[in-house]
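Record features (Swiss-Prot):
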type	residues	note
ACT_SITE	Thr198	active site
ACT_SITE	Arg199	active site
ACT_SITE	Asn200	active site
BINDING	Gln197, Arg199, Ala295	sulfate binding site
BINDING	Gln197, Thr198, Arg199, Asn200, Gly291, Arg292, Asp293, His294, Val333	ATP binding site
BINDING	Asp434, Thr435, Val436, Arg437, Arg451, Ile477, Ala478, Arg515	3'-phosphoadenylyl sulfate binding site
REGION	1-169	region 'N-terminal'
REGION	170-394	region 'Catalytic'
REGION	395-573	region 'Allosteric regulation domain'
SITE	His203	site 'Transition state stabilizer'
SITE	His206	site 'Transition state stabilizer'
SITE	Phe330	site 'Induces change in substrate recognition on ATP binding'
Amino acid sequence: MANSPHGGVLKDLLARDAPRHDQLAAEAESLPAIVLSERQLCDLELIMNGGFSPLEGFMNQKDFDGVCENCRLADGNLFSMPITLDASQQVINELKLQAGSRVTLRDFRDDRNLAILTIDDIYRADKEKEAKLVFGGDPEHPAIKYLNTKVEEFYIGGKIEAVNKLNHYDYVALRYTPAELRIHFDKLGWSRVVAFQTRNPMHRAHRELTVRAARARAANVLIHPVVGLTKPGDIDHFTRVRAYQALLPRYPNGMAVLGLLGLAMRMGGPREAIWHAIIRKNHGATHFIVGRDHAGPGKNSKGEEFYGPYDAQHAVEKYKDELGIEVVEFQQVTYLPDTDEYKPKDEVPAGVKTLDISGTELRNRLRTGAHIPEWFSYPEVVKILRESSPPRHTQGFTVFLTGYQNSGKDAIARALQVTLNQQGGRAVSLLLGDTVRHELSSELGFSREDRHTNIQRIAFVASELTKAGAAVIAAPIAPYEHSRKAAREAVSQHGSFFLVHVNTPLEYCEKTDKRGIYAKARAGEIKGFTGVDDPYEAPENAHLTVDVSKQSVRSIVHEIILLLETEGFFDRA
């Protein structure tokens with residue numbers, strides 16, 4: 001029999017509200033609507049299907065304060081992660097929202113009404129408290145960055161009535177709700193289930209440690225990877241799920257089940273580990289594997305870990321009795337080539353030869369096409385990873401040139417385009433500043449906000465082309481550091497981004513200006529002109545800095561080509 005839900009009752013709102021579906025659906029059409037973001041959709045789905053039991057909606061201020069301050073909901077139940085619905089003052093005013101109002105929650109992807117929220121309260125988001133108490137306070141933490149850059153200024157708390165479940169078009173058969181997974185366990189006759197959380201591909205070591213954990217507890221294995229929002233730069237979930245499916249037959253027959261979890265991770269370390277344990281308990285698991293630095297975001301810019309290596313294990317252990325799910329501490333296993341087996345590192349005698357491949361080394365081997373041995377991963381898994389991680393010389397990239405008007409960006413960009421076309425091997429796309437302004441951003445002006453929007457449009461196009469394997473050359477002025485950083489982040493999700501600062505002096509740009517644009521700006525005929533009455537913020541971390549007043553275009557292009565060659569973007573075979 002599956003484990004009892006957290007709080008005693010599985011809050012399956014979809015099942016609870018199904019008899020009133022037609023009535024709720026009609027009402028939802030008549031109410032004002034909040035269109036949910038991707039993260040909000042992930043949260044709503046797990047509220048509605050009971051994955052976040054005992055929650056029945058988004059947290060009001062009492063619940064939010066209790067969770068932030070002591071991991072407690074207002075009713076005393078343990079819960080470690082704030083689950084909140086943020087909204088701007090503008091949305092609240094436009095929809096005339098207040099305590100007691102009912103509002104529809106709508107899916108941005110297909111405009112479907114998913115739920116009705118009865119508002120309990122609207123309160124200012126205490127981002128400082130949330131950042132410090134929940135995530136540790138480091139401004140470089142991805143969850144804190146999200147708080148400070150994406151989350152609106154108010155939270156709306158209240159209970160949910162479910163109207164429709166979210167539509168999914170990928171791996172539908174593997175997206176078990178908690179109730180469905182519990183039924184599946186009962187059908188299989190499983191009473192002890194070890195859940196394994198991951199956001200990465202699984203290899204031989206993962207298979208070994210999950211089998212060992214199950215064997216020691218006379219249990220079965222639930223492979224329960226996150227396929228919602230994970231850490232930027234992670235391997236996409238489509239690739240990962242294909243790899244999990246390929247791995248599954250390597251388990252003893254009938255030992256393991258694969259189920260997908262549409263969770264939006266916060267990378268919250270200890271707090272997140274408790275949250276993950278609650279979620280797995282709600283899905284029926286009796287045991288949960290917690291690893292070293294579980295759900296940690298890695299290191300900050302100083303090379304420091306955000307959390308201690310065993311903080312997550314200690315946090316879950318602290319609440320183990322209340323959680324009602326047994327913690328299985330992740331054992332670091334290593335390969336012994338002499339006996340062709342994996343063993344926990346603390347069981348290997350001194351002097352015995354061991355082999356390991358780090359995550360960084362694996363990525364390097366995938367990038368370069370180097371051999372990945374069968375002792376590390378199964379051939380069928382490696383094949384899938386190689387299909388989604390082609391060698392560097394076939395991958396797309398973006399070269400982003402920034403500098404003053406008439407600094408030589410366009411000349412460099414055109415010459416680089418010709419050189420890359422001559423090189424061959426990939427399509428080459430050119431995004432010149434004037435061209436983009438004419439074709440994509442003709443309605444935008446030159447305010448700081450409009451300039452930022454223009455750069456984000458360039459970044460979006462560049463990221464899509466890069467993802468498709470093209471070489472992209474972008475050459476806008478891009479005067480603001482925050483815009484360039486946002487562009488780098490957007491493109492880097494799909495490929496490499498190289499920032500080239502064309503640091504030609506303003507005086508030279510103005511002196512050689514044959515179009516007379518600087519003269520018009522000096523005369524006041526053009527307002528907000530970069531270098532005249534609007535600042536240019538020099539890049540903090542350019543890959544190359546060049547100067548057309550001191551270098552030829554040919555030599556600058558050669559520098560860029562050498563950079564690309566050094567990074568492996570040309571076939572060396």
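Note that Cβ sites are derived from N, Cα and C of the backbone, with glycine treated the same way.
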Same-chain residues at least 6 apart in sequence whose Cβ lies under 8 Å from Arg515 (3'-phosphoadenylyl sulfate binding site): Asn406
Nonlocal residues around Arg437 (3'-phosphoadenylyl sulfate binding site), in sequence order (Cβ under 8 Å, 6 or more apart): Leu444, Asn454
DSSP three-state assignment for Val333 (ATP binding site): strand
Top Cα neighbour of Val436 (3'-phosphoadenylyl sulfate binding site) in the set of recorded positions Thr198, Gly291, Asp293: Thr198
Where Arg451 (3'-phosphoadenylyl sulfate binding site) sits in the secondary structure, as DSSP reduces it to three classes: helix
Cβ neighbour count within 10 Å of Arg199 (active site): 20
Rounded distance in angstrom between the Cα atoms of Asp293 (ATP binding site) and Thr198 (active site): 12
Listed in sequence order, residues not in Gln197, Arg199, Ala295 with Cβ within 8 Å of the centre of the sulfate site Cβ atoms: Thr198, Val226, Thr230, Met265, Glu272, His276, His294
Residues Asp434, Thr435, Val436, Arg437, Arg451, Ile477, Ala478, Arg515 binding 3'-phosphoadenylyl sulfate per the record - widest CA separation, whole Å: 22
Sparsest Cβ surroundings (other CB atoms within 10 Å) among the recorded positions Thr198, Thr435: Thr435
From Thr198, Asn200, His206, Arg451, Ala478: recorded positions whose CA lies within 10 A of Val333 (ATP binding site): His206
